[in-house]
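Reviewing the structure listed below.
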Amino acid sequence: MKYNRILLKLSGESLMGNVQYGIDPERLNQYAAEIKAVVEEGIEVAIVIGGGNIYRGVQAEESGIERVQGDYMGMLATVINGMALQSALERIGLFTRLMSGIKMEQVCEPFIRRRAIRHLEKGRIVIFGAGIGNPYFTTDSTASLRAIEIQADVVLKGTRVDGVYTADPEKDPSATRYSTLTFREAYEKNLNIMDMTAFTLCQENGLPVIVFDMNKPGNLLKILKGEKYGTLIQ
Ligand code: UDP
């Protein structure tokens, strides 16, 4: 295996699958199966999940809600998604821990770095909920920060396209996919892979990022076996 400890970033929106709002159970179970295949290979898996299928802080101001309040609402949304994913993983026999950036003892553990690493060493899947626990950040920044903290080998950003393209492939049919990029190239070409905070954290700490299609069955495992799918940024 090319990587031993990974951080998988899943957006909240991807959990919507075929529904208009919230969580599509079919998609949830599909993701759980993909993750199981990886865990069975002995890879340590940490997951950061977004909340965009339920709430995003930037929406708040449109409805007269203060931005900071909206951001906390978005963080709580990620905990809901984390709980759903935790259940789906446990239903298929996996061991998990949900750790939150905001204390909520009745539903999950607080994030403690050493404890998170210990869970991973014991083969438990660790899901990081509530982002980093601070407003004005995103779950992409959370993914980069937590990956660095737990010394993950790579951030795998699961999306609905199979990598980074020269233009939006859903709008421009002539767009072509990059198989590899340096952080500098991605920045100079303005490729918008992650927000700048997340991007800078990865670049400064030499943490590679792979953007790949999470919806294609078997893709996650193939990438971890070193097969070239998606775009590697390093
Ligand atoms: N959020 C935040 N701090 C964090 C992580 C998330 O304030 O550390 C809020 C922010 O409002 C964001 C929302 O939670 O819009 C949901 O996360 P995100 O938009 O990153 O989810 P995704 O786009 O991946 O579904």
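Cβ from N, Cα, C; glycine included.
What you are looking at is a predicted structure, and each value in this text was computed from that prediction instead of being measured.
Features as listed in TrEMBL:
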- Lys9, Leu10, Ser11, Gly12, Gly52, Arg56, Thr159, Tyr165, Asp168: ATP binding site (BINDING)
- Gly51, Asp71, Ile132, Gly133, Asn134, Pro135, Tyr136, Phe137, Thr138, Thr139: UMP binding site (BINDING)
- 4-213: domain 'Aspartate/glutamate/uridylate kinase' (DOMAIN)
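Restricting the average to the domain 'Aspartate/glutamate/uridylate kinase' (4-213) gives a pLDDT of 96. Listed in sequence order, the binding-site residues among Gly51, Thr159, Asp168 whose CB lies under 6 angstroms from an atom of ligand 1 come out as Gly51. Within its own chain, Gly52 (ATP binding site) has Ser11, Gly12, Glu13, Gly74, Ala77 as residues 6 or more apart in sequence whose C-beta sits under 8 angstroms from its own. Ser11 (ATP binding site) carries neither a helix nor a strand DSSP state and counts as coil. Take the mean position of the Cβ atoms of Gly51, Asp71, Ile132, Gly133, Asn134, Pro135, Tyr136, Phe137, Thr138, Thr139, the recorded UMP site; other residues of that chain with a Cβ within 8 Å of it are Gly57, Gly74, Met75, Gly101, Gly131, Ser141, Thr142.
The separation of Thr159 (ATP binding site) from Gly51 (UMP binding site), Cα to Cα, is 14 Å.
Of the binding-site residues Asn134, Thr138, Thr159, Thr138 has the largest number of other Cβ atoms within 10 Å of its own Cβ. A gap of 22 Å separates the Cα atoms of Thr138 (UMP binding site) and Asp168 (ATP binding site). Residues Gly51, Asp71, Ile132, Gly133, Asn134, Pro135, Tyr136, Phe137, Thr138, Thr139, recorded as contacting UMP, have a largest CA-CA distance of 14 Å. Comparing the Cα of Asn134 (UMP binding site) with the Cα of every entry in Lys9, Thr159, Asp168, these being the binding-site residues, the smallest distance points to Lys9.
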